[in-house]
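What TrEMBL records for this protein:
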- 4-62: domain 'Tudor' (DOMAIN)
- 53-109: region 'Disordered' (REGION)
- 66-75: compositional bias 'Low complexity' (COMPBIAS)
- 76-95: compositional bias 'Basic residues' (COMPBIAS)
- 99-109: compositional bias 'Basic and acidic residues' (COMPBIAS)
- 209-231: transmembrane segment (TRANSMEM)
- 256-275: transmembrane segment (TRANSMEM)
- 296-315: transmembrane segment (TRANSMEM)
- 327-346: transmembrane segment (TRANSMEM)
- 457-477: transmembrane segment (TRANSMEM)
- 483-502: transmembrane segment (TRANSMEM)
- 523-544: transmembrane segment (TRANSMEM)
- 564-583: transmembrane segment (TRANSMEM)
Amino acid sequence: MPNRRFADGEVVMGRWPGSVLYYEVQVTSYDDVSHLYTVKYKDGTELALKESDIRSQSSFKHRKSQSSSSSPSRRSTSRSRSRSPGRPAKGRRRSSSQSREHKDDKKKTIQETNLALLVLVFSFNQKPSENNTRRYNGEPDSTERNETSCIILEQKLKPDLEIERVLEQYSLHPRKEEKKKEERHLEKKFFETIKTIEKASSKTKELEFGGRIGTFMLIFFLPATVFYLLLMCKQDDPSLMNFPPPLPALESLWEARVFGVFLLWFFLQALFYLLPIGKVVEGLPLSNGRKLQYRINGFYAFILTAAAIGALLYFQFELHYLYDHFMQFAVSAAAFSMALSIYLYIRSLKAPEEELAPGGNSGYFVYDFFTGHELNPRIGSFDLKYFCELRPGLIGWIVINLAMLLAEMKIHNQSMPSLSMILVNSFQLLYVVDALWNEEAILTTMDITHDGFGFMLAFGDLVWVPFVYSLQAFYLVGHPTAISWPVAAAIIILNCIGYYIFRSANSQKNNFRRNPADPKLACLKFIPTATGKGLLVTGWWGFVRHPNYLGDIIMALAWSLPCGFNHILPYFYVIYFICLLVHREARDEHHCKQKYGVAWERYCQRVPYRIFPYIY
């Protein structure tokens, strides 16, 4: 094992990654495996540096003093020049040729200084936490990438500098107008090179969901899964052994009137969204520092929708029409989501670079179409992604559940719904009302801050949420299940436990993100990071890394238990939810590791379990 050169607590000079600048740092720890020193800068930033990037203060000051003093060769040259008979006296005026030569040297120095400054600016644009993460993963760090960028810049600007050197060597200086023209040309090429490098660095390099092939298959697989689940629920025996279910005639899957009802529902929710009620809040800062404004009125939209549904029932509108044409509504929603996704991708082609989604800017059509190319597509102040996230699908889910409850009563000639149907409707109503009541919390989720708005979110919000999340209620209409009150009480307790974990964990996180200095949060401990944010290590976030996911899974299980154990179909939602949350957890882990670097490593050591305590 190699000996350490610097001890913990020692104050040394550390090189900032990707640059040639050294700053005073303090050594906090040393990793014997990676041979990296963890150092802390004066502003609190913690980075992992190699030993070659660290210098002792004494040697650094000694080297600085040597460079500031004149070398012997320079002194001898100075003495020889002072003895030259052709050299003018100290007090004489410079000749015009010497003055011109001095200006050209100064111009050359400025140009080369600009080149060096560009290299340093590009170096500082690299995130320190990203450098550390790539070092741990064995990937090239930002210093190596910056060196490549420097080579690109030097190759771009080298011809212009060479022309200047030749002109100076042979005194073939162009006229003043030509010089200005060349300076403008050099400046133009300089900034074009900056834009080229910034555009290349903003591209999505790590593809999710199986890349281009995986996303292409998901565009067809997701609608097929929805239709398969709905067809299976219609069967007398919805067993997995009865595959494939009998397919309906294609003409029976589409009805213009059903599509018109869906459009009426979508635009009614858009009208509620535009009403000037509810407070207006700012979202998290975007990459360019700008903050978008959002109107928080989802709960008011839910109240207005409930009043409209109540009016329809009062005038004896048959709401179980939804059950009778359920497959046609699903097809209409899928067709609309596809049309919306095409519109979103076409408009994203004209969006500025800074408005594109970090995860949907790969340059591959299929991948960007699926994940979403533009981060926050808006028509005026109407935010399409934010609107679809909570309104048409989430509120529509509750309306569908109510329609299934009324259909069960009509089909089975019941005066009141079954206990199983009441539990499913109540649990899911609580979940939706909670989401709408805490609408502001969604502004800190990755769906809003990171993911673009493409087919994945459009189909998920408008089709998957209302038609798959209501699967238990749809199943109970054709397959009634009787449960006893003690069993119902146990299921209620399970759902309350899951909801309590889900809500309290999300509240801790959202309140801490909004105002870490809140006196109410003084009892919470956290690990500071280089980004200025903290990682909670007490409360629910000190129990597991994603306690909100744990609460989600417990609630999903409680929603499925009223359907009994005759078939696995009602538990598809639980299986899907576990797979979805494990995928999200892996994505969150990767994102946080890149963002927080060494601080995330320390957090993972402090909180070893991801979702399930003592299991995973």
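Cβ from N, Cα, C; glycine included.
Outside the transmembrane segment (296-315) by six or more residues, the chain places 268-269, 272-273, 275, 277-281, 390-391, 395, 398-399, 402, 432-433, 435-437, 439-440 with a CB less than 8 A from a CB of the stretch. In the predicted model, the domain 'Tudor' (4-62) has a mean pLDDT of 82. Listed stretches 256-275, 327-346, 483-502 were compared with the transmembrane segment (209-231); the greatest number of C-beta pairs under 8 angstroms is found for 327-346. Most Cβ pairs within less than 8 Å of the transmembrane segment (327-346), among stretches 256-275, 457-477, 564-583, belong to 457-477. Long-range contacts of the transmembrane segment (256-275) within the same chain, counting only residues at least 6 positions beyond its ends with a Cβ under 8 Å from a Cβ of the stretch, are 295, 297, 300-301, 304-305, 308, 325, 328-329, 332-333, 335-336, 382, 387, 391-392, 395-396, 462. DSSP states for the domain 'Tudor' (4-62), grouped as helix (H, G, I), strand (E, B) and coil, give 9 helix, 27 strand, 23 coil.
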